[in-house]
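Taken from Swiss-Prot as is:
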ACT_SITE  147  active site, proton acceptor
BINDING   145, 177, 275, 311  divalent metal cation binding site
């Protein structure tokens, strides 16, 4: 029988993007607030949006960053890196260029002290296999993000899982993104549309349309996905709000994934990191559109001892509530869910460091 997991509480600074872009806080200020407000001990950061000149990181800056993390009492969990094969205007990266591009980011993660690099779905099985020895050399686990409109049992994800099994490297795995298993259209986004003048009739039909697709489950293929996207656009147009159509489609099909919680069991042994994506907390102190309690229970029951980075995506549209208050409330739900599952979340720094070190593979003498 699998021992119950004790996930590590954490947050990604992506949750505070509005405050960062509004220059309420710089990177250091956000890190200090994360520690002071008890959102850690786990800390996740996005490389390109947080570190000037990334992935080029000099020794002095890396030293300053590591010292800051130690000073405030956090533990680095995951560095979100990019796998954008379209960085050139006129062509896509070839395989060799992609490996070089990713290698620079893996080295940066190691230099900054991150044990995980979150990579994106544009990385295919051949590339992940080629990157495995590079990840091993630098002691960085590559955790590909399973993000809506993908889901755990999607053919592309299963192909990666099967390749991981073939390669046999403990440095390859997945980042579980809760946005793939959403159970309702986010009420906070409905409120944002209301504030943009959408009629109650239109908003009701948006929710009804999403609920219909939820009952059907994930799209069968890209054609089905495209049809769903188009139906949101058509709905907006019929109600005289074509300006909202693309937004409905992006969120309805690419942010709120309709897979079921149990779908994650398909790749559970390969989940190395978790994005605890959510969109808001209601008046009852619960997340009304993401089954947080069921997701935490599944992780606990599967012996998950890695970090959960609370990832508040509602900042894109919710300008009237504090993201810091919302993160605090959502993490309370996670802790309550872990206790209800017979376990707990790790909030102690020393425990988190020890547990994360045991959870992830390491390479003796790994260096940047």
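In case you wondered, yes, glycine gets a Cβ from its N, Cα and C as well.
Distribution of Swiss-Prot features across the structure.
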{"residue": "145", "record": "divalent metal cation binding site", "DSSP (3 states)": "strand"}
{"residue": "177", "record": "divalent metal cation binding site", "DSSP (3 states)": "strand"}
{"residue": "275", "record": "divalent metal cation binding site", "DSSP (3 states)": "strand"}
{"residue": "311", "record": "divalent metal cation binding site", "DSSP (3 states)": "strand"}
(request) Other than 145, 177, 275, 311, which residues of the same chain sit close to divalent metal cation? List them in sequence order, counting a residue when its Cβ is within 8 Å of the Cβ centroid of the site. (result) 12, 118, 147, 175, 176, 178, 179, 274, 276, 277, 309
(request) Could you list the residues of the same chain, at least six apart in sequence, whose Cβ is under 8 A from the Cβ of residue 177 (divalent metal cation binding site)? (result) 145, 146, 147, 148, 274, 275, 277, 311
(message) Neighbour count first, Cβ atoms within 10 Å, every protein chain included; then name which of 147, 275 tops the list of recorded positions.
(response) 275
(message) Between 145, 311, which of the binding-site residues has its C-beta surrounded by the fewest other C-beta atoms within 10 Å?
(response) 145
